[in-house]
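Worksheet for the structure shown next.
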Amino acid sequence: MFVLTADEMRRIDFDTIERVGIPALVLMENAGRAVAEEIAELSETVGRRWLILAGKGNNGADGLVAARHLQDAGLTVTVLYADDPALLRNEAAVQRNIASRIGLTYSQYNGNTINWKDYDGIVDALLGTGSKGKPREAYANLIGLANDSGRPIVAIDIPSGLDADTGEAGEPCVRAMRTVALGFKKRGLLQYPGAAHAGDVTVRKIGIPPGLAEQHGVRTYEVDKEVLKSHIGIDPSMERAADTHKGTYGHVLVAAGSKAMSGAGLLSATAALRGGCGLVSWAVPESLVPSLMSRQPELMLAGVADEGCGDWTKADPRELLSLAQGKQALVIGPGMGRWEGDGAWLRAIWEGTEIPLVIDADALNMIADADDFASWAVRQAPTVLTPHPGEMARLADLSTRDVQRDRIEAARGYAVKHGVTVVLKGARTVCAAAEGEVYINVTGNAGMATGGAGDVLAGVIGSLLAQGLTGRQAAVLGVYWHGEAGDRAAARRQAPGSLIAGDIIAEL
Ligand SMILES: NC(=O)C1=CN([C@@H]2O[C@H](COP(=O)(O)OP(=O)(O)OC[C@H]3O[C@@H](n4cnc5c(N)ncnc54)[C@H](O)[C@@H]3O)[C@@H](O)[C@H]2O)[C@@H](O)CC1
Ligand SMILES: [K+]
């Protein structure tokens, strides 16, 4: 559900403690107890001897509370402080003092080697949302030792060394078997490489009253069926009333494909059929039509004048605009190629039709290269851009590394600035609405990093737009379905890498 930044968590913590009046120690007790419950459950398979690596902040304090509850559950617990325990302050000092009075074994790490044979599991209570920059000396050493220990690690709140907001993993960063997120998931657990360091993520409540996330303006979500229904307002099963006909579900026009890449158009148009709309027309350079006629009988082919060259270089926007008449959505870009003046061509389409648009692939690059894009009319109809990180970088004039460093803000910034819906593809695709909400998708798998998977997604989103969904709804549901189909397709393969885009369509 909600996915927070460290600062949003801090503000909600503070509000809970200072305004609502739930003492910090109570939140901390709830946190530590929840962690202990997760560990006690794991101890059946991992073993009963746990080493708690404790930092000097409240993350460490959570670890001390967990240690107390684990001891109470009869497990063998040892605490190893990264810093001098005297440095612990406030609530952390309270937990330190309690820990020192109940027979818990504890010591300060002093560079000595750790006898890992004495422990079955490790609790990472070194750094949480208060971590800044690279883990300092003792912390970095302990993270490295823990990672090399061969012992499973349970991270409290976030793996130490992870940037809670961007998902960047510091050198070193804990590789956890499980992360117990306190109160809410943090963004860094849902964007790579952070997501790879977190292992299984379980969210445990710690007593923060409901409604505080909305009150504090949190607008980033992890997509699940609940979010689809309650927040996006769609029934993911897209139930159909009996008395409907294909006109009810709209007619999509897909402008895609060229001599070199006709397959992209075929994939996109076929995916649009599978997306549930009533009719799909595929606008393609007319000299290609004969070779494509029987490829997908359900598709209607519309040849666009090309003077026999099999590409869009001679395309007149007015021809495509007249084809767009009476359609409910238009998908532009897959396999289209580039040509002199393509930006002006696209602008004429962008401004010349009021129907929902999906802009993908080469059409995204036309926008990226159009130095007058800021002056293109802001469209009233849903307009969904579906860039992969490289296309996003070109659109936003960033490096791909910068985009990947903070995918959520890269997508949100562009969507809000241009009043469009942005689907920033990649592991954990990020959908950003023009109003600023961001939805992180968790379906899909690495096998989908295959040619044509993006063409399929563009077709599905166009199909959903033709059925009357808003840009946000079509993007979020389209990405969610596309990922689920990819997961079903991968499950049928010997190796996920053998997945091809057509397999995704077959599973939609
Ligand atoms: N405020 C509260 O009442 C609650 C806080 N919670 C816990 O508190 C954590 C946040 O605690 P804090 O804000 O105290 O900070 P952390 O415990 O996350 O860690 C920061 C501490 O380590 C030091 N530090 C920061 N960056 C470092 C680095 N790169 N290398 C080495 N040391 C570094 C800081 O000086 C600070 O003392 C959350 O992750 C969560 O585990 C939860 O118990 C929920 C309740
Ligand atoms: K941690």
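The chain as shown is numbered from 1 upward.
Glycine too: its Cβ is placed from the backbone N, Cα and C atoms.
With Asn59, Ser160 listed by TrEMBL as binding K(+), the candidate from Asp83, Asp84, Asp120, Asp124 annotated for that site turns out to be Asp124. The AMP site recorded in TrEMBL comprises Lys425, Gly426, Ala427, Arg428, Thr429 together with one of Gly451, Gly452, Gly454, namely Gly454. If you compare every pair of Cα atoms in Lys425, Gly426, Ala427, Arg428, Thr429, Gly454, the residues listed for AMP, the longest distance is 14 angstrom. Residues from the binding-site residues list (Asn59, Ala61, Asp124, Ser160) with a C-beta closer than 6 Å to any atom of ligand 2: Asn59, Asp124, Ser160.
In the vicinity of ligand 1, defined as a Cβ distance under 6 Å, none of the binding-site residues Asp124, Lys425, Gly426, Ala427, Gly454 are placed. Reported as a whole number, the C-alpha separation between Asp124 (K(+) binding site) and Ala427 (AMP binding site) equals 26 Å.
Per-residue confidence over the domain 'YjeF C-terminal' (229-508) averages 94 (mean pLDDT, predicted model). The binding-site residues in question are Asn58, Ser160, and the one with the fewest Cβ neighbours inside 10 Å is Asn58.
Of all the binding-site residues listed here (Ala61, Lys132, Tyr139), Lys132 has the Cα closest to the Cα of Thr429 (AMP binding site). Listed in sequence order, the residues Leu53, Gly55, Gly60, Gly63, Ala125, Leu126, Leu127, Gly128, Ser131, Ala155, Ile156, Asp157, Ile158, Pro159, Val174 complete the 8 Å Cβ shell around the K(+) site centroid, once Asn59, Asp124, Ser160 themselves are left out.
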